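Report on the following structure.
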Amino acid sequence: MKDRLVIFDTTLRDGEQSPGASMTKEEKIRVARQLERMRVDVIEAGFAAASPGDFDAIHAIAEAIKESTVCSLARANENDIVRAGEAIRPAKIGRIHTFIATSPIHMEKKLRMTPDQVVEQAVKSIGWARSYTDNVEFSAEDAGRSELDFLCRIFEAVIKAGATTINVPDTVGYNLPSQFAETIKQLISRVPNADKVVWSVHCHNDLGLAVANSLAAVLAGARQVECTINGLGERAGNASLEEIVMAVRTRADVFPVETGVDATQIVPASKLVSQITGYPVQPNKAVVGANAFAHESGIHQDGVLKHRETYEIMRAQDVGWTQNKLVLGKHSGRNAFKTRLAELGIELASDEVLNAAFSRFKALADKKHEIFDEDLQALVSDETVTPEDEHYKLMYSRVCSETGETPEASLTLTIGGVEHKAGAVGGGPVDATFKAIETVVQSGAELLLYSVNAITTGTDAQGEVTVRLSRGERIVNGNGADTDIVIASAKAYLNALNKLHSSGDKVKAQGNV
Ligand code: KIV
Ligand code: ZN
């Protein structure tokens, strides 16, 4: 019997800390449901004290999720822990994850606390957390640059106080695999009662080593890995869930552990997170990149055709890749539509929402006669939009683009329900459209990124557009999909403006206590 490797997904917390990756409550619930379908053990649903929106999203996820543990992050102070405890209250299995920094540089320059004060605060925090749940995780932030003796001291104290999982984060992605493995080995052998807790690691990817460090730690005795879908996360991101899960499974000859993850749900999860956050997956990304199983060279193709394992160590279908399978067409009825959504794990809130989605499906099927799963995912993502999310809404758009002429866009928008007409010229049809929107909105935002991806193959595919805007301290991503990429672009731009319009002030997780 192999040990269980606990998969702790932090896409909704650390992943959401990527610039512009913030998600609405409904989007977070969709991601959480997909994580549960994938059978991850722990879902870190957010940081309850960060904002009322984060609190509500964690609370809603705690109500919705039944199989996975639902966790909230909390700094090591009473207020944060009370917020986390209240947010996870409805969870069938809930966890509070509290943390404080332990490296000399963080304690002295950021916390301005002595090591003794840090230990005292950590111990008190475990006590506060234990009054809500006996499932309490403690993290020593910046453990990767902390002194081993001090880590032993603080971990001994928090285990005594009742922590049940001890997390060792390489917060700034500074460690190397052999060094990090040695740290984990030393901690497990030196900390009293180490066998009473689960040892966890949380690695960032600043040197591209997050997955390697996490796997080295597993070989040294760690039994929980914190990771994110597509490796999303602060700066260069976190360890990527799909790479960890598939490494452990593919190299079962080396790892003395197994996960409970249903790997066939990996690609759907990757696509969902990419679509919601607007972070595209690079084509050559391991496991979930579009080229991860594509063999280009003749020699490789020949080898794979003769015997798949000549060049493939995993099977595409085992991680959820399907051929772009025709699922529905313009003659499909409401029932077939509803059934396919249910198979994809998509539950629409009411019959009214289902009817609205079905009319949009029919409109799409008129323009594009083969509808794939990816089209359905993009189509229903708009269904979670509430009127409050749509302060700016596109009603009508007309764009002229002609050889030798300057492209021109005319639009009708509603702003807070009031209709406005706008027009502008630009370097291209998308530029003209964005300029036309800005003539009435005057957002003062700066465009940081514009990207278009075809959702499926074929020239009638829907284009999925991502727009990243910044204004002051805030960065947001907007998405839009349509068979007409100029309309998809307008939708994405307005989606980003709507996110800027909604209040989104948050406390940053990596902060003072
Ligand atoms: O990177 C980090 O140290 C964290 C902690 C809050 C666990 O995200
Ligand atoms: Zn982190």
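Every residue gets a Cβ built from N, Cα and C, even glycine.
According to TrEMBL, the protein has these features:
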BINDING   ASP14, HIS202, HIS204, ASN238  Mn(2+) binding site
DOMAIN    5-267  domain 'Pyruvate carboxyltransferase'
REGION    393-513  region 'Regulatory domain'
ASP14 (Mn(2+) binding site) has its Cβ surrounded, within 10 angstroms, by a count of other Cβ atoms equal to 25
Reading the DSSP string in three states, the entry for HIS204 (Mn(2+) binding site) is strand
Note: in the chain of HIS204 (Mn(2+) binding site), residues six or more apart in sequence with C-beta under 8 angstroms of its C-beta are PRO169, ASP170, THR171, VAL172, GLY173, ALA210, GLY233, GLU234, ARG235, ALA236, GLY237, ASN238
Fewest neighbouring Cβ atoms within 10 Å among the binding-site residues HIS202, ASN238 goes to HIS202
Residues sitting within 8 A of the centre of the ASP14, HIS202, HIS204, ASN238 CB atoms (Mn(2+) site), not counting those, run THR10, PRO169, THR171, CYS203, ASN205, ALA210, GLU226, CYS227, THR228, GLY233, GLU234, GLY237, ALA239
Its residues classified by DSSP, the region 'Regulatory domain' (393-513) shows 30 helix, 51 strand, 40 coil
